[in-house]
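K.L.:
Dropping a structure here in structure tokens format, bear with me for questions.
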Amino acid sequence: MLSRVKFLPRFRPLTPIISRFAMSSVPYQQPAHKLTMIPGPIEFSDEVLYAMSTPSQAHTSPEFVATFQEVLKGLRKLFKSSDPNSQGYVLAGSGTLGWDVAGANLVNPGDNVLVLSTGFFSDSFAECLKVYGANVDVLTADIGDVVPIEKVTEQLSKKNYTAVTVTHVDTSTSVVSDVKTVSDAVKNASPETLLFVDGVCSIGVEDLEFDKWGVDFALTASQKAIGVPAGLSIFYASERAVNKALNREKDTTFFASLKRWTPIMKAYESGSGAYFATPAVQTITALKVSLQSIFGESLDSRIQKNAEASAKFKQHMQKLGLKILPKSDAVAAHGLTAVYFPDGIDGPGFLGKLAAKGFTVAGGIHKALPGKYFRVGHMGHSVDAGHVEKVADAIEEALKESGYKQ
């Protein structure tokens with residue numbers, strides 16, 4: 001088997017072995033391959049990939065309606081919402097589509113929006129909202145830190161804001177923001193202001209209490225901690241967010257319209273087929289399987305397990321004398337870690353050595369830190385399959401081969 005992996009000419013049996021550390025419950029096993037240890041797309045279980053190989057189904061067939069119904073009910077558990085007037089959505093698209101949904105349905109031209117920026121993706125959310133005519137103010141955190149809550153409160157006293165956005169985990173920096181603290185500040189200073197949460201790299205690995213924390217709109221995507229191949233934009237809206245979208249006077253989008261999608265999602269969740277645009281049948285089927293796995297061990301247990309794996313990985317990096325980008329454990333995400341290259345180490349060369357050992361990790365994308373750091377994803381299936389420990393060992397080995405000395 002290994003001799004056929006032509007893209008790994010230096011593959012050695014000691015380093016990665018793909019996802020064969022646990023017995024598969026389906027008649028499918030992934031072939032040997034380079035492990036994708038980036039913060040999404042992540043590695044996927046055999047069960048999830050097998051679910052995508054189902055024969056074609058009509059999107060309004062009884063079988064698929066039952067699948068989609070289970071998925072939409074599962075979103076209530078995933079986002080921790082019991083409010084029957086809130087609504088979950090699954091659309092064909094990437095996490096970025098969630099930004100467009102927020103901008104097109106919940107923001108009007110001329111509305112003030114406050115963006116709390118902890119990195120590249122926070123800033124990109126701001127740019128998206130500007131496209132829809134929002135007047136955007138950005139509070140930018142120091143690199144590796146979050147925006148001080150005092151600054152948020154102060155800024156909220158200066159203007160009436162339609163919405164505040166917080167990126168729960170900014171994948172560019174591996175910084176996690178305290179959504180509850182931000183929500184409390186917003187509710188105290190401006191209770192009419194909507195709270196948008198970008199949870200692309202947090203849902204399924206960090207705790208998010210949608211109802212309890214008063215979130216109005218949270219978005220994520222399938223290919224990160226939820227553990228499904230890319231292709232699904234997943235988001236959740238509060239009752240007041242849904243009502244605002246449904247009562248919007250002027251449409252600024254067709255496909256991303258909550259006016260059009262809300263009755264479709266409600267129909268599927270109630271067990272009836274409906275049609276506006278064709279859903280991604282196979283990927284939603286895989287999402288059902290992944291959610292079953294998540295809830296089978298309990299969401300809280302999964303979050304705790306990911307936190308423990310994250311702590312071990314970060315400790316390993318620090319024992320090697322490496323510096324992680326987040327300034328403290330309190331703001332360090334559990335699903336990925338951004339690590340500075342040591343002085344004197346050629347970044348591309350180091351990443352090439354990791355690739356030769358069978359691991360793909362991500363370079364840094366923060367505009368102020370070009371070529372200064374790399375990012376390792378450690379969430380979902382890789383935590384269960386033992387990949388996190390193996391990539392940590394490979395990093396240590398690649399550093400030694402690069403001439404690194406503590």
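Cβ coordinates come from backbone N, Cα and C, glycine included.
The domain 'Aminotransferase class V' feature in TrEMBL is assigned to 56-370. The annotation N6-(pyridoxal phosphate)lysine is assigned in TrEMBL to Lys224. Annotation comment: TrEMBL describes Arg375 as substrate binding site.
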K.L.:
What is the number of other Cβ atoms found within 10 Å of the Cβ of the residue listed as 'substrate binding site'?
P.N.:
22
K.L.:
In whole Å, how far does the CA atom of the residue listed as 'substrate binding site' lie from that of Lys224 (N6-(pyridoxal phosphate)lysine)?
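P.N.:
Lys224 (N6-(pyridoxal phosphate)lysine) has its Cα 14 Å from the Cα of the residue listed as 'substrate binding site'.
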K.L.:
Taking the Cβ of Lys224 (N6-(pyridoxal phosphate)lysine) as the centre, count every other Cβ atom within 10 Å, in any protein chain shown.
P.N.:
29
K.L.:
What does DSSP call the residue listed as 'substrate binding site' in the simple three-state scheme?
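P.N.:
The three-state answer is strand.
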K.L.:
Using DSSP reduced to three states, classify Lys224 (N6-(pyridoxal phosphate)lysine) as helix, strand or coil.
P.N.:
coil
